[in-house]
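These come from Swiss-Prot:
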type	residues	note
BINDING	11, 59, 87, 93, 104, 114	ATP binding site
ACT_SITE	117	active site, pros-phosphohistidine intermediate
């Protein structure tokens, strides 16, 4: 398997709980490397643009409101099979269905406040990384 890059957001609920380091440590212990990272307060326009694919869905307004409710950490992770590995580490979207020991099982409160986001495909990863990072901000390790 080739080295991949994936995109991660540590969401406002997890940032508020002060577990940024614990979540990042899980990525690193699993073999992923952080190659870009920013602590950022999303604007409404940024959140709407990032989640535009969900704009027609009933939860869109609540999702945007949640994502601008506090700072987030946006990261680019790199490693073997990074996309699938990150999704495995995150666990199911609904923390009640997430396997024990996953990030969402340990840190998420609900399906809405579910601690983290991760790219679900190579195309999504490329799009999401470029939404928040210029190529010069991503540094191979």
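Backbone N, Cα and C atoms are what each Cβ position is placed from, and that goes for glycine too.
Of the recorded residues, residue 104 (ATP binding site) and residue 117 (active site, pros-phosphohistidine intermediate) place their C-alpha atoms 10 Å from one another. Across the structure, residue 87 (ATP binding site) and residue 117 (active site, pros-phosphohistidine intermediate) place their CA atoms 9 angstrom apart. In this structure, the recorded positions 11, 87, 104, 117 were compared by how many other Cβ atoms lie within 10 Å of their Cβ, and the smallest count belongs to 87. Residues 11, 59, 87, 93, 104, 114, recorded as binding ATP, reach a greatest CA to CA spacing of 22 Å. If you measure from the Cα atom of residue 59 (ATP binding site) to that of residue 117 (active site, pros-phosphohistidine intermediate), you get 16 Å. For residue 93 (ATP binding site), the same-chain residues lying six or more positions away in sequence with a CB closer than 8 A to its CB are 104, 111, 114. Counting every protein chain shown, 23 other Cβ atoms lie within 10 Å of the Cβ of residue 114 (ATP binding site). Straight-line distance linking the Cα atoms of residue 11 (ATP binding site) and the residue listed as 'active site, pros-phosphohistidine intermediate', rounded to a whole number, equals 7 Å.
Summarising the environment of residue 59 (ATP binding site), the number of other Cβ atoms within 10 Å of its Cβ, over all protein chains shown, is 12. Under the three-state DSSP scheme, residue 93 (ATP binding site) falls in the coil class.
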